[in-house]
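Taken from Swiss-Prot, the feature region 'Disordered' covers 1-84. The annotation compositional bias 'Polar residues' is assigned in Swiss-Prot to 38-56. Sequence annotations record features per position, and here Swiss-Prot assigns compositional bias 'Basic and acidic residues' to 59-70. Summarising the annotation, Swiss-Prot assigns repeat 'PPR 1' to 157-191. Sequence annotations record features per position, and here Swiss-Prot assigns repeat 'PPR 2' to 192-226. If you look up Swiss-Prot, you'll see 227-261 marked as repeat 'PPR 3'. Marked as repeat 'PPR 5' by Swiss-Prot: 297-331. Per Swiss-Prot, the feature repeat 'PPR 6' maps to 332-366. Look at Swiss-Prot and you will find 402-436 tagged as repeat 'PPR 8'. Under the heading repeat 'PPR 9', Swiss-Prot lists 437-471. Here Swiss-Prot flags 506-540 as repeat 'PPR 10'. Look at Swiss-Prot and you will find 541-575 tagged as repeat 'PPR 11'. Per Swiss-Prot, the feature repeat 'PPR 12' maps to 576-606. According to Swiss-Prot, the repeat 'PPR 13' annotation covers 612-646. According to Swiss-Prot, the feature repeat 'PPR 14' maps to 647-681.
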């Protein structure tokens, strides 16, 4: 019997309404999601903006400017917070609670974290794995893993161990991850092959070849035999990281286990043998591959050729090419291109051109890069006509020459004195809306100077200025290029004198010319440029003063060189290594031992990689504390083994060390041994012995004066009429 209906209720049956999920956020009602971090979502108030006509602002496409080698910028990766929030939405509530407990305590394990976790009735292995997959702190992850394992009746499963291994590797603790198999075994869950595979894959992806072999050895100790796939992974990691002998040892184990090679196995070995240059063994492996499995395909042969070309072994790559033809494998464009580029870079442009003609005969699409490499090869061989013919072929094939091809042909034309044609090509490059650089213009500029067409050279400079290129930078690079050839130094000076009248002088150009004249031995002319630079109002920089230091030392004016060194220090700059070497040499010649050692220490303190003789000078000083001639000679022997020349600085270091810590007798023993070995001449021995005596006298006098001042005897000596202290 139906119960009576309550009063005041409509006849229509009640239908309950359930709200599923979060409400839709609006401008006034944000929605808060719980998770790793509070995610307060609200819709911002967007001011209405007039829609612009996108077609009006779109840049028209110009096929002439299109370059197939350019790529669109990759899409920006999602931010870290986005990744974390997305991952937290997939977490179970308990895993989210655990991660929130870590976050509240700033990822520091302690009693507060343990008290939070103890609120949970139980943490299952799946929860442990879920938490460790997002863990970014190895210490907290290890503590949590250990805490979970102490639960009553709890036992980690394979997923938890695997997640722990990934967490340790992700945070750089891969050595600790390698100990997980022992941990699993001690906790009553022996590892399976999968755990070792994970460790091997992690090390292989991070290019840790020796670690891969270490895990492989551990795998054998646990009694596991890898499958073919895992063997391939191990050998590939060892080959890629340069441990080919270990890869061969693993291959021997592979054969002892009675496994059958796959094509991947053969290719790993072949590529390793190619890298090691063991071509005969590689050909034997290829023959076994043909007999036992199948012939290598075009991709396998291309990989071999690419490996050999990258190692610079072109003879072996041609042998592999012959093997490919013997197997009746048709090369593709990648195989042709790899070999042609390698041959041209190795100077075998004729052989590369033969392969190029084969490609044309087979109607294979030829890349512009192949044209460019062939043109550069012909220019390097002096076959400019062939390079120009190839350019015509390039244009007929529908390509537009890039700036690299222009640079190569311009350089070739200038080498055969066709500088006018080269200049026309430069103008064509500008009309084609390319961007010529110094590499384009330098052959033209040098050719005009060599042919003594200085007016045309000036016109080129004006054209450079009109195009908006930095004339001063181009001139600096030009003089560097010209002064690199000693025969063209005189031409460089002639050009400079003309440019100077047109206001194109600069400190950098003066420095280049000063250094060139110094290397030629024309010290006076180099210094005259230095004085001229100052007279014209240019402020010398540290390089200018460094070159002047070298010049003054060669001239014999060490005092002036020292004054320039002080100016460099006042500028808060560092002299060049050449200036340090030159100044120490000059100070050695006038017997300023302390100043030499001071400069040695200053140089090694200021310069990133100082001269080896300076480093050994400090070593000699340190060894002299033992006052043992044999120890000093051991350092000298080490210098000879390292190929370091024993010069004045080392002699000064011996004098400085022995005058402070040793005796004159021990120093003479060292000099006598150096003379016996014909390292030091008899005249040098006499000079340095005198320096040794003088330096010892100085140090003895310094000790006496220090003692007088320490005991307060100065006033008594002056009262008795002693005037030595005044001097």
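Cβ coordinates come from backbone N, Cα and C, glycine included.
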DSSP-assigned states of the repeat 'PPR 14' (647-681) in counts, ordered helix, strand, coil:
27 helix, 0 strand, 8 coil
Would you kindly list the residues that approach the repeat 'PPR 8' (402-436) from elsewhere in its chain, counting only those six or more residues past its ends and only Cβ-Cβ distances under 8 Å?
64-65, 67, 368, 371-372, 375-376, 378-379, 382, 384, 387-388, 391, 394, 443-444, 446-448, 451, 453, 460, 467
Other parts of the chain folded back onto the repeat 'PPR 10' (506-540), taken as Cβ under 8 Å at six or more residues beyond its ends:
472, 475-476, 479-480, 483, 486, 489, 492-493, 496, 547-548, 550-552, 554-555
The repeat 'PPR 3' (227-261), counted residue by residue under DSSP: helix, strand, coil
26 helix, 0 strand, 9 coil
Tertiary contacts of the repeat 'PPR 13' (612-646), defined by C-beta under 8 angstroms and 6+ residue spacing from its ends, are 580, 597, 600-601, 603-604, 652-654, 656-658, 660-663, 666, 669-670, 673-674, 679
Where else in the chain does the repeat 'PPR 12' (576-606) make close Cβ contacts, counting only residues six or more beyond its ends and a cut-off under 8 Å?
542-543, 545-547, 549-550, 553-554, 556, 558, 561-562, 565, 568, 614-615, 617-618, 621, 647-649, 651-653, 655-656, 659, 691, 694-695
